[in-house]
Structures are given as C-alpha cells and as structure tokens.
Amino acid sequence: MPIVARSSRVPWVIKYRPKRVEDVVNQDQAKKILVPWFKAWLEGRKPDKRAALLYGPPGVGKTSLVEAIASEFNLEMIELNASDYRRRSDIERIVGAASRKRSMFKRGVVILLDEVDGINPREDAGGIEALLSVIKTTENPIVMTANDPWKDFLRPLREVSLMVEFRPLTLTHIVAVLQRICEAERIECEREALRYIAERSEGDLRSAINDLQAVAEGYGRVTLTLAREIVRGREKSIDIWRTLNQVFYKPRQAWMARKAVSQSEKDYEELIAWINDNIPRKYGEPSDLFRAFDALARATVFLGRAKFGGNWELLSYVFDLMGPGVAYARMEGEVLKTRYSYPEKIRMMAQLRGVRETREKLAEVLAKRLLMSRRAVKTEVLPILHYIFRSSRDPTKPAMIALEYGLTEKMVELLAGQRKSEILKAMATVKKARLGEKPLEPQEAKARRRGEKASRDEGRKAGKRERKGVGLDFFLGEQ
C-alpha cells in the first residue's frame with residue numbers, strides 16, 4: 001500500500017508552505033528589504049512608502065514570504081485577489097475597510113493584494129486611482145504582488161510603493177525542497193527524477209511541488225521513468241477544452257483528471273459552472289448523471305467551506321470530486337457526441353456586469369451635469385428617467401434628454417429597454433432638425449457665420465441711429 005495515501009488529501013503546496021521567514025529559499029535580498037519595513041510598522045513608525053510591491057516570476061515565494069512574516073510576527077493577514085476586487089467601488093468598499101481594520105487577538109493586520117497587474121485599465125477604470133487613495137490613508141501595511149510590474153498603468157503604484165524584486169529559483173534550490181518533501185512523506189525517490197521535475201518547472205517551485213505530488217500519489221514512488229511519463233513539460237495552465245476532455249473522457253489514471261482541474265486556466269467557481277452545464281451534454285444515462293451531479297455538488301460544498309471558513313486544506317477534496325469524481329461517475333453509458341456549451345451562468349454574469357458598468361457611467365455623467373452625488377442620481381434621477389424613456393408616448397422627449405446630456409447608445413438602451421431603436425430614430429430626427437435638413441459643409445457653415453455676423457452688426461448700427469433720435473421727452477413722457 002502506498003504510504004502517500006494518508007497525506008494525499010492535503011495539497012503539498014499548502015502542507016509544506018514556509019512557516020518562518022528563513023524557510024523561504026533564495027530570496028535573501030527581498031527579506032533584507034521587506035522584514036525591516038514590516039518592523040517599522042510594528043514599532044509605530046509608519047514608513048514613507050505605505051505599500052510594498054513584490055514582483056517576480058510565478059512560484060518564487062512572493063506570497064509565501066508575506067505569509068511567513070505574518071506568521072512569525074503574529075499578524076492577521078487579509079488576502080485579496082486584485083482580479084476579483086478591481087473596480088473602484090470594490091476597492092473602496094473592501095480594501096478601504098481592511099486598511100482601517102484593527103485585530104483583536106494579534107499584533108496587527110497586513111493586507112495582501114495579489115496580481116495587481118491583472119487589473120484591466122480600460123475595463124476597470126478608476127481601480128488604480130481608488131487603490132492609490134487607500135494607500136495614502138491606510139493604517140495597515142499593504143503588500144501587492146505582480147509578475148510584471150512595469151506595465152504603464154502601474155506606474156502610479158510603483159511611485160508610491162516599496163519595490164521588492166524576487167529572483168527566479170535555481171535548479172539546486174528546487175531540488176533541495178523536493179528532496180525534503182520526499183523525506184517528510186517517506187517517499188522513495190530518485191535524484192534524477194527530482195532534477196527532471198525541477199527542470200520542467202522553469203523556476204516555479206509551486207508547480208514543481210504539484211508535479212511531485214502527482215507522481216507520488218499515482219505510484220507511491222518517484223522514479224525518472226514515471227516523472228518522464230507524467231511531467232510533460234511545464235504547463236502554466238490547461239485551457240478549458242483540454243480540462244473538459246480530461247474530465248469527461250475518463251482518463252487512464254485518476255490523477256490525470258485531478259491535475260486537469262487543479263491546473264485549469266479557469267478559477268474554481270467558473271470551472272464548476274463549465275462542468276455543471278456540460279454534464280447533461282456528455283452523459284446520457286440517468287445513473288451516470290446522478291453520480292456526476294452528486295460529486296459536483298459535494299465539490300461545491302467543500303469549496304464554500306474552504307473559502308468562507310478559511311480551511312484551504314479542503315481544496316484537495318474539491319479537486320478530487322470535480323475531477324476524478326465526475327470522470328468516473330460515468331459507469332454505464334458512452335460519452336455523447338455533442339459540443340461543449342458556454343455556461344449560461346457565466347454568460348448572464350457577463351451581461352449583468354456590462355449593465356452595471358453602463359449604469360455606473362450613466363450615473364457619473366448625470367452627476368457632473370446635475371451637481372449631485374452618484375448615489376443620489378441612482379436613487380432619485382434614474383427611476384424617473386426609466387419612466388420617461390419607457391412610458392412617454394412621444395419619443396421626442398426622451399430623445400431630447402439623451403442629446404442634451406450626451407448619453408451613449410448603451411445608456412439609451414439601459415433606460416429605454418425595448419424602445420431603444422424608436423428613441424435612437426427620434427434622436428437622429430432631432431439632430432437633423434437642429435442642424436437643418438442638410439448638414440452644413442465647412443465652407444457653407446463659414447459663410448453662414450459671416451452672414452449672421454453681418455446681420456448682427458447691421459442691427460447694432462440701426463439701434464444706435466434710433467437712440468440718437470430719442471429726446472428727453474421720450475423719458476419724461478408727454479407733458
């Protein structure tokens with residue numbers, strides 16, 4: 001019986017993450033910069049740079065070092081992903097509140113904001129500005145991580161942050177860590193196999209540990225032959241189509257389905273939505289459907305407990321259930337020859353997000369013109385505009401409002417709903433009426449302006465002549 005069976009429930013990247021600062025390998029220079037910065041906070045001396053930006057390749061220890069410092073200095077760590085909290089409102093509400101939080105049972109609070117280079121400056125307008133505002137007033141240290149900190153839109157963050165570079169890990173360091181894990185797990189391993197895994201990781205220790213666990217869990221030992229068979233080169237992430245194929249087409253080994261979901265390019269909740277919508281498209285037998293949905297439901301339960309209870313060791317059960325659990329649920333029928341479908345839930349969420357963004361932009365436009373807050377516009381003005389745009393018998397009225405305030409087509413659609421095309425036509429008609437039936441060419445417009453100026457000048461001269469002929473009797477009235 002393989003010895004790994006008793007410990008395979010916990011991902012080794014979690015089980016063996018550094019508990020102390022000295023456990024983080026090959027990052028001595030980063031430690032020399034970051035540890036004194038944290039000590040200044042703990043001693044009540046707020047540094048000039050209230051945020052730190054850690055940058056370097058994936059899997060080199062950026063997050064691990066912050067976790068180790070928090071553990072060693074007895075700090076409460078609030079970890080957020082910038083990809084999830086990237087809009088202005090999210091950052092002000094979530095990150096802003098965390099920046100003022102006080103810990104009841106520990107020495108202090110540290111905020112870890114992962115993947116700030118994942119913020120989209122076009123889609124998430126205002127996110128960087130909101131983050132800068134939070135950094136200026138924060139009462140707690142803010143640590144951000146990025147793989148590429150030199151993107152143009154991150155320049156304001158670089159200027160206010162302590163920049164800490166993390167070096168790529170060497171082959172020697174990765175092999176040493178893998179060797180220690182094998183010894184702790186009492187796994188038989190070949191040095192050449194560990195070196196092979198380390199080479200394929202391309203300096204990513206986290207990926208190397210995942211590959212080591214995949215080999216050890218599948219066979220109970222780590223040999224060069226097994227490593228070559230299983231580790232096919234570093235795949236940072238597996239695209240969704242390959243992930244679904246590995247799940248629904250029942251791989252030869254359970255670990256293959258598990259690896260497919262654990263290294264998928266999609267996050268856990270999105271991946272569950274993909275699998276959920278495609279189970280009935282691939283499985284036809286009722287008993288197979290029951291087992292697959294049951295496994296996926298249990299995966300959802302464990303994911304919820306991991307996220308909201310903070311017990312991330314349960315993540316291993318999530319991988320087992322939505323990977324091998326769904327794959328081996330098919331015991332009777334064949335895989336149906338139907339195409340994968342895009343999850344309806346994700347499609348609806350994308351549409352709702354677009355509606356929310358349009359609503360925010362509309363509120364911002366109206367707030368500037370009406371000298372009101374955006375909140376007041378949303379609660380007091382938008383309901384009235386909704387009624388006018390959707391209930392007005394004459395589409396000219398809402399069309400004139402839209403033109404007056406410079407509303408875009410999406411904003412009109414938000415307010416008008418099914419009457420969008422009717423009001424857009426009315427807007428075009430009003431525009432033509434304002435400009436005349438034929439839009440003026442530049443030369444014609446110039447000639448018209450000269451004519452209008454000449455008419456105004458002639459009017460002024462006539463007025464002066466009339467005033468000269470007016471005597472005192474005019475003002476005193478007839479005697």
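If you go along the chain as it appears here, the first residue is 1 and each next one adds 1.
The backbone N, Cα and C atoms fix where each Cβ goes, and this holds for glycine too.
Database features, via Swiss-Prot:
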- Gly56, Pro57, Pro58, Gly59, Val60, Gly61, Lys62, Thr63: ATP binding site (BINDING)
- 435-461: compositional bias 'Basic and acidic residues' (COMPBIAS)
- 435-479: region 'Disordered' (REGION)
Query raised in the report: Taking the centroid of the Cβ atoms of Gly56, Pro57, Pro58, Gly59, Val60, Gly61, Lys62, Thr63 as the ATP site, which other residues of that chain lie with their Cβ within 8 Å of it, listed in sequence order?
Result: Ser64, Thr145, Asn147, Phe166, Asp204, Leu205, Arg206
Requested in this report: Go through Gly56, Gly59, Gly61, the listed binding-site residues, and name the one with the sparsest Cβ surroundings, counting other Cβ atoms within 10 Å.
Outcome: Gly56
Requested in this report: Across all the protein chains here, work out how many other Cβ atoms are within 10 Å of the Cβ of Thr63 (ATP binding site).
Outcome: 19
